[in-house]
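Participant: Pasting a structure here, questions to come.
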């Protein structure tokens, strides 16, 4: 393994000839092409963890991606971010000991609730903003924020939300800009699709998209044709469709507009968004919008297909949904000058740690069951042009 800031990898990897002397492996949570995840109890403490077991033979030629992921995860200590607790190395395996989260995925919780309001959505987004603001202060850009990467810590009704999946994360360099076109198209910022250098502002755009979905249950951008989809995003063309947005506050819409601002220089930062009245004040409404939102989530995010199209890291319902190690061959997005997805394999090398740390990988809309946006009279609200 390479060095991080001059630090030898041997200094942060613990040697373990037999990992089972340290952990009792309870059950397999998931398997993939390159790794296995097990529910494990640390013998010395009795604590439960999700241990990701990666054969070294699967890492050959992919060391740099592993190092990038670990470099990111090792820096992060935040209550709303899934933590890397430890790293062990045996002669044949690398073991990543991750914080165990068992509360399930965001969409599942919303659908299962009988009551859901703007205030609930505001509370969720506030936690995301706090976590992403922390990342940005650390010089880390997530680059792939989406609902599927938001997990509940526990089954408790008041459980906090957790951000997972740092397979596309990047440490900002001195120039504070990046240029690799990657992420999930439905959530990616216009400047990324335009192949322009970009910064942490891309995460703020994604938070705006997430907020949009949390309030209506469907994505702001949709088209059967990928080029047209990308054109919508490039122009920041989205609407607050009636009747789905009729009962949503103007404050919520203003919050979204400021995050889904085409110009990254005008776009809200996490700090600015956290001060918006919809987050920091009392403008988020308490009206129950569960019926409409949950119906749209069921319609637009069908599990059987949707989950195949995203990187996700989750221990859900009996801690059995986590699957790791799916190949990225079908998921690495590269946006060409004509906004085609024809070269999906070219964006990120298959060595990207999503291959090892996340579940079925892919790109929104590619291989997923696409469903049309509601065909109704629109309110006339659009994003900045």
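Any Cβ shown, glycine's included, is placed from N, Cα and C.
Marked as active site, proton acceptor by Swiss-Prot on the basis of sequence analysis: 144. What Swiss-Prot records for 29, 30, 31, 32, 33, 34, 35, 36, 37, 52 is ATP binding site. Annotated compositional bias 'Polar residues' per Swiss-Prot: 375-385, in sequence order. Residues annotated as SUMO2 cross-link in Swiss-Prot, with similarity to another entry given as evidence: 113. The annotation domain 'Protein kinase' is assigned in Swiss-Prot to 23-279 on the grounds of sequence analysis. Residues or ranges marked as phosphoserine in Swiss-Prot (evidence: similarity to another entry): 122. Annotation source Swiss-Prot lists phosphothreonine at 180, citing similarity to another entry. The region 'Autoinhibitory domain' feature in Swiss-Prot is assigned to 279-319; the stated evidence is similarity to another entry. The region 'Calmodulin-binding' annotation in Swiss-Prot covers 299-320. Marked as region 'Disordered' by Swiss-Prot: 363-385. According to Swiss-Prot, the motif 'Nuclear export signal' annotation covers 318-324.
Describe the structural surroundings of these features, if you would.
Facilitator: DSSP gives residue 144 (active site, proton acceptor) a coil state; it is part of no helix or strand. Counting every protein chain shown, 24 other Cβ atoms lie within 10 Å of the Cβ of residue 144 (active site, proton acceptor).
Reduced to three states, the DSSP call for residue 37 (ATP binding site) is strand.
In the three-state DSSP reading, residue 113 (SUMO2 cross-link) counts as coil. Just so you know, the Cβ of residue 113 (SUMO2 cross-link) picks up 15 other Cβ atoms within 10 Å once every protein chain is counted.
Under DSSP, residue 122 (phosphoserine) is assigned to a helix (H, G or I) in the three-state scheme.
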Participant: Report, in whole Å, the straight Cα-to-Cα distance of residue 144 (active site, proton acceptor) from residue 35 (ATP binding site).
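Facilitator: Cα of residue 35 (ATP binding site) to Cα of residue 144 (active site, proton acceptor) measures 22 Å after rounding.
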Participant: Once the chains shown are all counted, how many other Cβ atoms turn up within 10 Å of the Cβ of residue 37 (ATP binding site)?
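Facilitator: Excluding its own Cβ, the number within 10 Å is 26.
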Participant: Which of the binding-site residues 29, 31, 37 has its Cα nearest to the Cα of residue 113 (SUMO2 cross-link)?
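Facilitator: When the Cα distances are compared, 29 comes out closest.
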Participant: Roughly how many Å separate the Cα of residue 37 (ATP binding site) from that of residue 144 (active site, proton acceptor), to the nearest whole number?
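Facilitator: Their Cα atoms are separated by 22 Å.
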Participant: Which residue among the recorded positions 31, 35, 122 has the fewest other Cβ atoms within 10 Å of its Cβ, if you could check?
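Facilitator: With the recorded positions 31, 35, 122, fewest surrounding Cβ atoms within 10 Å: 31.
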Participant: Between the Cα atoms of residue 29 (ATP binding site) and residue 122 (phosphoserine), find the distance and write it as a whole number of Å.
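Facilitator: With distance taken Cα to Cα, residue 122 (phosphoserine) is 32 Å from residue 29 (ATP binding site).
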Participant: Just how many other Cβ atoms lie inside 10 Å of the Cβ on residue 29 (ATP binding site)?
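Facilitator: Step by step: centre on the Cβ of residue 29 (ATP binding site), count other Cβ atoms within 10 Å, giving 24.
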